[in-house]
């Protein structure tokens, strides 16, 4: 039967030998077989094969491997490859055995002891100059097959071949922008050469557009979507230890040119024609400009009219214009590969070559006095007709109207002394030129000037002195000079000299860096003595120096610390919880004191922001909570002494919970509550207490008092038998604090007392060792149902009573007497 079927199929019924041949089996399938013996009485039991049998041809050793080849030879190694045998003997190849024989010897020897399945192997550690031949055998589960045919004798020596290079590209290559191009070729050499690509002597690197592909025999540089910048001289170098080969290609990526460079210059303008010029394009697209295309357009029309399309010059005459009309010119550059975008000119009116003069350049003002100034200018272009007059105008800087300075003609001189200025006023001047066509545009206004007499150098500063010093600086102070030379003092120059030196050094480089009458000279050396001097500077120059009378020794000036308290550093500072606490003070002292803040002699909270500046210090705590309250101290200290101030900070908040809530005097309709004031009153007097109760079966609290100022309360109107919880909270002007709650429910019932004594106790029967007793109920049950009666007896004359038992009824038989 087949191994995956359950039904048995008979093979033969007439076998008398102890063997049989089973025909008709399927190759690759698995079968079970069974045999039974039979005599005239009948068939005996079957004997079954113990495991399945897979049907396949008998297994032999593999054929010999094929195509044993030598791939590489060096002076001490040989690399071999081979293909598997055509037939594996009916079983998978388990390993290959590679053998070698030194020429001159008879025997082959195994090359490796390891199990080898790869069909490539490098034999290393050979001796240079030795000659070997090799063969390989395949092994399967049966054993080792025949060896392959031997290789030719192989001598161990380095294979050397200089590089060769066969390129598929020419010396020059022209490519259109946007197209792809590739440089390919083949190469060889032993040892394997290194391939390098250069462009303009710089190594080419791969990116999204540039791809380099190198195989053991081929090389390729490909560029996708080429751009103009890809133009250049490309070089491929193939190099190994024996030499190198190079190939070159000049690649030119061509495109249409960029637009001509503007602006369009109108060299001549006439009523019927113009002459314009421009500059060639910055990029000719990699191909020579073949011509320029020039067109014109009347500014009031949309149509461009051709002027010429066959000029290589960068100038052109624009003919056939209508006088008074405004025109625009556009120019295209063209090469073999296309036409550029256009350069478009500004609008220009066609008018006669003679026009009013141009505007002169900005005039220069000199020789200013309190009532006059000389205006100087250069002659402008005369517009084609001689200039006959200049018109000079003035205006006060803050005014808007220009006024002619004279009605008399000014010509040919190009300067004019303007009279009648008002002393102290600020003026600007401009000039226009006039010819027979008319008056041209005015020049740009001159720089503003004040009408006042020329200024002289100022006098020296007055009374310079050293007013402060540290170990590396000196503070100087002085008064302004008595004479300012009719010019504003720009500032002061300060110089210092080490006693014993001849050279004076500048403390500041420019006068405007010290406009005030004080200056701190820094960068001095502690312990040395210096001289100081000060010069005043105005527009006319520097004054004579004024000297500080005595040399100054540079060292720290000691002043003990001083604290000037701000209003928030009074003896006590109150702040609402959640608000920001700010404490600050002004600090003085030389050198500037060290500043430290403490709270209760400990470090202040990390949430506090502390800021120290050169004039004071500030502590700030945002979102204050009650724990931020306490005594804060500020200490300042320097070598001359120290000073400390303290402030009590009270953070005003809701009170804490009341303490020790007790319930007493419980009745069926009331109970008495007492408590103690909170440990923390929130910085404000407790105004009242809020008392609430809750039936344990209910979710809602009910207020029973909200204005009690006492620390006790009688809770009335309770329902007998109901269990209650009570809670109390304190209130101050900032709100209600947290509640304190009873720990366990309180049941509203009257208090219990022991019952009264039973009444009318007497015996009703007596025996020799027992007595029968009866009695009546007591007058009072103590507030609860009587649960039983305790019976005791005492022997006459004894002191102790003996407990007999507790009975539920009003009678009892005492036994064991």
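Each residue, glycine too, has its Cβ placed from N, Cα and C.
Taking DSSP states H, G and I as helix and E and B as strand, the domain 'Fibronectin type-III' (1-58) has 0 helix, 16 strand, 42 coil. Annotation comment: TrEMBL describes 1-58 (among others) as domain 'Fibronectin type-III'.
According to TrEMBL, the domain 'Fibronectin type-III' annotation covers 64-159 (among others).
Annotated domain 'Ig-like' per TrEMBL: 163-252 (among others), in sequence order.
What TrEMBL lists as domain 'Fibronectin type-III' is 259-353 (among others). Across the domain 'Fibronectin type-III' (259-353), mean pLDDT in this model comes to 91.
For 359-454 (among others), the entry in TrEMBL reads domain 'Fibronectin type-III'.
Look at TrEMBL and you will find 460-557 (among others) tagged as domain 'Fibronectin type-III'.
Annotated domain 'Ig-like' per TrEMBL: 561-646 (among others), in sequence order.
The domain 'Fibronectin type-III' feature in TrEMBL is assigned to 657-751 (among others).
Positions annotated as domain 'Fibronectin type-III' by TrEMBL: 757-817 (among others).
The region 'Disordered' annotation in TrEMBL covers 457-480.
Sequence-distant contacts of the region 'Disordered' (457-480) (same chain, at least 6 residues past either end, Cβ-Cβ under 8 Å): 487, 489, 492, 494, 496, 517-526, 530, 532-538, 540-549, 552, 554-557, 590-591. Mapped onto DSSP classes, the domain 'Fibronectin type-III' (259-353) shows 0 helix, 50 strand, 45 coil.
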